[in-house]
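Novice: Sharing a structure below in structure tokens format, with a few things to ask.
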Number of protein chains: 4
Amino acid sequence: MSGGYSFDISYGKMRVPVYRVYATPLEGISAIPESAFTGRPNTLFALEVDVEVFGRNFFPAYEKGDNSNVVATDSMKNFVLRQALSYEGATLEGFLEYLGRNLLAAYSHMEALRVSGRELPFHYVPVPHQERFEQSEVLFSRAHGDYAVASLDLARDEQQHPTLSNHRCGQVGLELFKVTGSSFTRFYRDEYTTLPEREDRPLFIYLDVFWKYGEVADMLAADHQRYVPAEQVRDLLQTVFHEFVSESIQHLVYEMGKRLLDRFPQLAEVSFEAQNRTRDPMAVSSVDERVKVYSDPFPAYGLIKLTLSR
Amino acid sequence: MSGGYSFDISYGKMRVPVYRVYATPLEGISAIPESAFTGRPNTLFALEVDVEVFGRNFFPAYEKGDNSNVVATDSMKNFVLRQALSYEGATLEGFLEYLGRNLLAAYSHMEALRVSGRELPFHYVPVPHQERFEQSEVLFSRAHGDYAVASLDLARDEQQHPTLSNHRCGQVGLELFKVTGSSFTRFYRDEYTTLPEREDRPLFIYLDVFWKYGEVADMLAADHQRYVPAEQVRDLLQTVFHEFVSESIQHLVYEMGKRLLDRFPQLAEVSFEAQNRTRDPMAVSSVDERVKVYSDPFPAYGLIKLTLSR
Amino acid sequence: MSGGYSFDISYGKMRVPVYRVYATPLEGISAIPESAFTGRPNTLFALEVDVEVFGRNFFPAYEKGDNSNVVATDSMKNFVLRQALSYEGATLEGFLEYLGRNLLAAYSHMEALRVSGRELPFHYVPVPHQERFEQSEVLFSRAHGDYAVASLDLARDEQQHPTLSNHRCGQVGLELFKVTGSSFTRFYRDEYTTLPEREDRPLFIYLDVFWKYGEVADMLAADHQRYVPAEQVRDLLQTVFHEFVSESIQHLVYEMGKRLLDRFPQLAEVSFEAQNRTRDPMAVSSVDERVKVYSDPFPAYGLIKLTLSR
Amino acid sequence: MSGGYSFDISYGKMRVPVYRVYATPLEGISAIPESAFTGRPNTLFALEVDVEVFGRNFFPAYEKGDNSNVVATDSMKNFVLRQALSYEGATLEGFLEYLGRNLLAAYSHMEALRVSGRELPFHYVPVPHQERFEQSEVLFSRAHGDYAVASLDLARDEQQHPTLSNHRCGQVGLELFKVTGSSFTRFYRDEYTTLPEREDRPLFIYLDVFWKYGEVADMLAADHQRYVPAEQVRDLLQTVFHEFVSESIQHLVYEMGKRLLDRFPQLAEVSFEAQNRTRDPMAVSSVDERVKVYSDPFPAYGLIKLTLSR
């Protein structure tokens, strides 16, 4: 309470761009049937970092303009960049935990933190090498499709030691178009229904997926044996979409969720946000009925959510 | 629980664009000292609407591909557009409540809803009229600055009647640049600090503000006497920023919050998300020290949050 | 020619952000009937600047990696920011001409230049002052609607003196919605025509307008008597749109073009790029036929161009 | 001339989205050493099309509101979509030529046309298949990186037959980051120079490349033997960047241009627009000097252009 009011405060630095070169390679990953991914060199480890700080010690800045406890967000940015140099691990989640732990160690008046990161994805570029094509070791192509995210909440235990109080990992921004093999029929019809039933629709979805571990030790262990790489999650979702003839997006994400929880017993929960971006049919060939033309739909879109936990 | 899993589900239609012409004018607004706003004609009442539906009745679509209870999101879009025609009120919040109540009435298998709206702001255009300039009654200019938002949660009470379970109103996207009259000094310094102290900085903030009423009847009453228009909130925030010499953004938003709660006793809570977008000093005139050149800063930015409640 | 090839080269710095405070006020503007604009204080003179340099002296950098003549684009950025401090005029065009002339004076190996600028528009904020509302002298609101642009080409004459070889001024990004008073009928119909005729459509256009002076002295003169402010151009276009019942966008922009050339005899040419963003009709009230609901159309849009010169 | 004015007019439809499924596969491509690309199935042939129409026959619409010759842009959209269904070729350029030729055949009052297209890029998705990973034949991932473009101008010859008067092909939106192996030193220094010399900089460029054929028959021939696929151009540019230690971006694009003209004798001209997006050095490891952290630079950027023709 202050001046008769209750308050809730936080502050921090958002979107610090970090390009660390020659980070530790990601190795030791357990293979899964749906994906060829088992590691990456991390030559270019690029991400964008948010730091949000919680604590009632910062309230005098709000109430009285007393900045004596305020760590300038510009200093936080410098802190993030230096931690990126000294980090010796290989994962987004590991870096965020390292950063958060060191922030709490450096600033005793910070009560709790949220540290978040978004991968800035770069793809390897194939170049000719002795009659074959190999990945360049120095040249990378910035991708603007799906990317990994993670968010970790750190607090202090009774001995003031940092403790991981919550976490969420994810891969966001997938955009997947399945040309044939999806339907949407027998839905509820009334006076507001103008959509026709479609036995075979060109299902185009935008998809974000998130997951939580049962034990955070599995996420952070240096051997990576039970680490769940976002690349494998993405490949698994694509495989399910490729294989499964869905009756709806609801049906599809539920199938994806079951497969993820089956494949990764170390996960406690998975969740999905799927946008329906299916294109509109415009013309069909009279010669070959597979041959069709679609175009963009009305801009509003359906959104389907699912959280599945053990 | 299903197949050994717990689940949480919802779905809906996002970003339905609505342009209603000749809606009911907003009248009866109580004036405040910080703003000239007391109403608007609503000739062009434009917004973007989201509908999110909750209910375990939709789970068979996820689990078995059984769509028999699924109201297609395309039908929701049609529903929204028809409600926009029949709505006889004058406010964003009133329309959302009307829409949500009618959705729950039409679909008994929807357990709860979230209906959200974003103003698509249009400004009046001045045109010459009898030696003066007046607002055109037919021509409007689409603005891309700040705009009003609102989100209402509707549930059912024990008699299955719709009830408003939560709400939040706001004005988002303000971008305010104060050329002189802001400082940031005497903050915490350590090895990570490279930011100099600034007695007079060109404070540029991006600002979102949100509010909740103590009694939702004040938000929805047809006489609008205790309705808080987003235009007045924006004007009040601008007036505080204009008047107040702040020691930090924390200091500034706290002053804004106190003023809002003082001015509008019908509000129970206000909250702020302010981004620090202050420009970097590049050059100062040796002739007139007010004359300066600034340029864009490093892209990461500070974020300051405050919630203040009675 | 080089290595058997012909070449064409240029390089420069794009999008240098400039925020000059307390620039010289714009005064001396001649009034026109369609606009209340006759000047502005220029307390915050904000723009984004491009510099593009032409000259065969830079070719050794391409051919041999010889950078000895290459002015780093980072240095160009520094040059722009310092010129923004010393500029004593009041217009976008004036600043660009000052910048270009000084660049050619400083770097004898630059043969020719294109300097372009885009206004970063800020609106004045009304604040209470002695029972009335006045524009704040220190607080400004960043607008994201239409804004002024200009592009000047500078070359050298036979004595190597800078000379203005071409120019174009403009106001871009207008988005104007006229609720009633526009038609589109009696157009060409064939097997591809599905669009119905509309006697009264809700015409929504995005509009860019450009102009050239007959004599550049009128654009650059310090007294501003024959200077054409982008604000007046915008107001004139809005007035024509407000008044004129058009048969098409072609019809409308032609009317706008004639009015501009009539009003500003100092202009030699005006041109338009207008996008048709008319919304789709969705529902009409059975009680009051003025009351309608529109929504967003298919994303492709019509583009109409016109250049009109004396 | 009209009413004392000269005029220049055109109009058309922009950004028509086209998703053609099961188009003709691209085959017969000649291999080059820098690329593994020799064709694609075209299961999903997606692009965005612009049509711009020229002709003085449309002037009565501007001058008098007489729409009798105006083909509604909505009809043009319908025309584009139907042509996409009947097109039997395999390339972006081929489709645009087919579309343009048919437009001129259908509308005798259109004097000339510009038809442009932008690839909407989709990547193949790897899925497990008999112990290996193969490209899914039905599922595609929308990419948001670089994409192909083309623009064709069609006019009428003296017999009113359509003729291709100009063309330009391209691949735009490459974003390439080379971690090591680029320098920028010994450039021009003066009082405006603050940039340090860098022997080894992390060169990050955004790159657009365009090309023109000597004979348009090579571009349009059904056997594709001398067709230049945008995929090969992209791979060639990446290979040059990978191999070449540049002294500047000027130096790099010149090397790319020479290689393109050497590799593809059927091309008459290549041109480049390269943006310098090199990141700023922030920290270097004291243990391993390869290990560094970079962050985002000041937002203004250098732009380097080159056109090279035989």
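Residue numbering: from 1, along the chain as shown.
From the backbone N, Cα and C atoms, a Cβ is placed for every residue, glycine too.
Nobody curates TrEMBL annotations by hand; they come from automatic prediction.
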Novice: With C:THR73, C:ASP74, C:PHE184, C:GLN250, C:ASN276 listed by TrEMBL as urate-binding, which of these, C:ARG56, C:ARG168, C:ARG201, C:ARG226, is given for the same site?
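Specialist: TrEMBL lists C:THR73, C:ASP74, C:PHE184, C:GLN250, C:ASN276 binding urate, and from C:ARG56, C:ARG168, C:ARG201, C:ARG226 it also lists C:ARG201.
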Novice: Taking the Cβ of C:PHE184 (5-hydroxyisourate binding site) as the centre, count every other Cβ atom within 10 Å, in any protein chain shown.
Specialist: 25
Novice: Given the binding-site residues C:THR73, C:GLN250, which one is most crowded in terms of C-beta atoms within 10 angstroms?
Specialist: C:GLN250
Novice: Can you tell me whether DSSP puts C:ASP74 (5-hydroxyisourate binding site) in helix, strand or coil?
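Specialist: In the DSSP reduction, C:ASP74 (5-hydroxyisourate binding site) maps to helix.
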Novice: Determine, from DSSP, whether C:PHE184 (5-hydroxyisourate binding site) sits in helix, strand or coil.
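Specialist: Where C:PHE184 (5-hydroxyisourate binding site) sits, the three-state DSSP reduction gives strand.
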Novice: Using all protein chains in view, find how many other C-beta atoms are within 10 Å of the C-beta of C:ASP74 (5-hydroxyisourate binding site).
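Specialist: If we count other Cβ atoms within 10 Å of C:ASP74 (5-hydroxyisourate binding site), we arrive at 21.
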Novice: Just how spread out is the urate site if you go by the largest Cα to Cα distance in Å among C:THR73, C:ASP74, C:PHE184, C:ARG201, C:GLN250, C:ASN276?
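Specialist: Value for the max Cα separation, rounded to a whole number: 51 Å.
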